[in-house]
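Positions annotated as domain 'ABC transmembrane type-1' by TrEMBL: A:94-295. Per TrEMBL, transmembrane segment is recorded for A:12-30, A:96-121, A:133-154, A:169-188, A:230-252, A:272-298.
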Ligand SMILES: Nc1ncnc2c1ncn2[C@@H]1O[C@H](COP(=O)(O)OP(=O)(O)OP(=O)(O)O)[C@@H](O)[C@H]1O
Ligand SMILES: [Mg+2]
C-alpha cells in the first residue's frame, strides 16, 4: 500500500505541474493586464506596479519564479487587495466553502441514496414514481434557478430562513440545498438502477434462500454492493459541488472561495485566479485519491492500483 | 419410503404487462427421503419456476400461485407466511444455483456467508459458526479451509465456489436440497466432481435432492427418478431405468436422441428436436408438444391426455399410449445402449 500511495502522490505532483503551467500560459494569452481598468492609471504608475510585481521580467523567469513559489505553497500577493497574499484569501474564505461543500455532499449522498433505495425496494409503485419525478426535476432545474426559488419561498414569502450570508447554521440550509439538489438527484437515479440490478442478482436469491429476512438481505447483502457506482461518482460529485459553489456563493453572498474566484476573474486579479485554480485542482486530486482508497475498502475485488484479483 | 415433499397440481403464473405467462401448469410430483429426483426439460419449460415455488422465492407480484399444493413433511407451504418460510428456507429446504460465479456475494467472505444461516437457524455464536464453517469447507473438499474461510468469492475458482455454495446450502442439514443446474456452468471434469460430492453428501446428511438439469448425462449419473418437463407440464416421469430404457413420450425420445453418446464410437447424428417450445402466454389447448411432435394426431392438438400409468413408478401423458392409437416404435436415436448409462 505504501508504494501505491507514493506512486499516486507522484502522479498528483505531475498533474499539478501541468495544471500550473497551463494556467500560467492561459493567463499570459488573455488580453489586458492586471491593472487595466476603466480608470486610466498614469503610465508611470503602471510601470512601477509592473516592476514591483515582477511583471517586467522575461516570461520564463516569471514562470520559474511562480513554479518555485507554488512548490512552497506560496501563491504570491494579490494584485487587487493590497497587503493581502493569495494564501490569506484562500485561508480566510476556504472554511466557508468547505462547510458549505461538506454539508451539500452530506445532503446529496444521504438523501440521494435513501431515495434510490426506497425507489428500488418499492419498484413500480407510486413511491418509486414520486422519487424519480423528484430526481428528474432535480437534474433538470439549474441550481441558480433553484437557489432563487428557494430564496423567494423560504426567505421572502415564509420568512423562515435567512435569505443570504453565512452567519449561522440556519444560513447554510438554503445554499446547501440549492447546491446539493442536482447531484442528489443524480445519485438517486444511480442508486435506484444499481439497487435494482443487485436485487435481481443471484446472490440476493442465495441470501433469501438461506432464510434471511428482507431487511437483512437489503442492508447486509444488497446495499454494500449497490453503493459501488455511487462511490465512483464521488469524484465527479466533488467537482459538481466545487463548480456549483461559484454560482451559489455569489447568489447567497457567501464570502467563500468560489465567490472569491469569480471576483478574481472579474477583477483580473491574476495571482488569485491562478492560486485558486491550483488550489481547486489540488483539492480535486486529493478527493479523487480518497475516493479510490474508499473504493478499495468497500470492494474486496479491487486491490491497490489494479482492478480485480486472481479469479 | 417416506414422502418429504408432495407437490400437487401446482400452477404458477406471471402477470406481465402483455399477458399472463402460465409458466407452470398442473405439475405434480413426490420426493421421497434420501432420493434424488431429476427434473429435465428444455429452457423455458418451467423447471426453475417449479423449484423456486417450493421455497416461495418467486417474486409476487408479478408471480402468483394459481392453485395447487406444496406439502413439506405434510405441512402446506403455500399457506405459510413469509415469516414462517424464513424458518424453513436454509434450514429444511436449501437451494444452490446454476452459476457459482454470481451466486455468492462478492463483498462478503465465504466464511461469513456460511455462518449466516448457522447463526440464524441454529443460534450459534460467531465463534461456533466459524468452527462449523471450517468443518463444512473440509466436508465439501476445499483444501486449506483455515485460509479459505476468510477469503472472498473472487479468490475461489469456479468449482470451489460451487463447493462453497454447497457448504452454505448444507450448513443446517436440510431435508431437501434443490440444485438448479448446479454443474451447467462448470468444466466437464469439475462437473463430475461436484456430482460425486453431492452424492457423497446425500449419504452423509440424508438429504433428498431435486436436481434440475437439461443434461441427461447428469441424470444418468446422479438421479434415482426423473421427471421430464415440457411447456410447464411434467409429460413423463419414471425411474432412471424406465426413462432411459423404456421411454414412451415422443418428447422424451427427442431428448434422448439429442443426448451425445460420450463414448463417441457411433456415427449416429445428434438429433436436435426441430421447432420451438410453446408460448406460455398463450399455451396450446392440447398437448404442448403436439406442434413439434412427428407422431401428433388430431386429438393431440385439442386435448391434453391424462397420465397413462405404465408401472408403479412410470407415468406418461401421451395419446400414443391410448389403445385406440396406432402402435409407434421409438426411433433408433432414442435407444440407449449400455454405453450412455455408464459413461463418466
Ligand atoms: N419473473 C417472471 N416474469 C415473467 N415470466 C417469467 C418470470 N420468471 C419466469 N418466467 C417465465 O416462466 C417460464 C419458465 O421459466 P423457467 O425459468 O422456469 O424455465 P427453466 O425451465 O428453468 O429454463 P432454463 O433451462 O432456461 O433455466 C419462461 O417462459 C419464463 O419466461
Ligand atoms: Mg432455469
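Glycine too: its Cβ is placed from the backbone N, Cα and C atoms.
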Where else in the chain does the transmembrane segment (A:272-298) make close Cβ contacts, counting only residues six or more beyond its ends and a cut-off under 8 Å?
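For the transmembrane segment (A:272-298), the nonlocal Cβ contacts are 8, 12, 15-16, 19-20, 23-24, 27, 66, 70, 75-76, 78-80, 86-87, 89-90, 94, 224, 227-228, 231-232, 234-235, 238-239, 242, 257, 260-261, 264-265, 304.
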Would you kindly check A:12-30, A:133-154, A:230-252 and say which stretch has the most C-beta pairs under 8 angstroms to the transmembrane segment (A:96-121)?
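The stretch with the most close Cβ contacts to the transmembrane segment (A:96-121) is A:230-252.
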Take the transmembrane segment (A:133-154) and find every residue of the same chain, 6 or more past its ends, with a Cβ under 8 Å from one of its Cβ atoms.
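For the transmembrane segment (A:133-154), the list is 115, 160-161, 163-164, 174-175, 177-179, 181-182, 184-186, 188-189, 192, 244, 247-248, 251-252.
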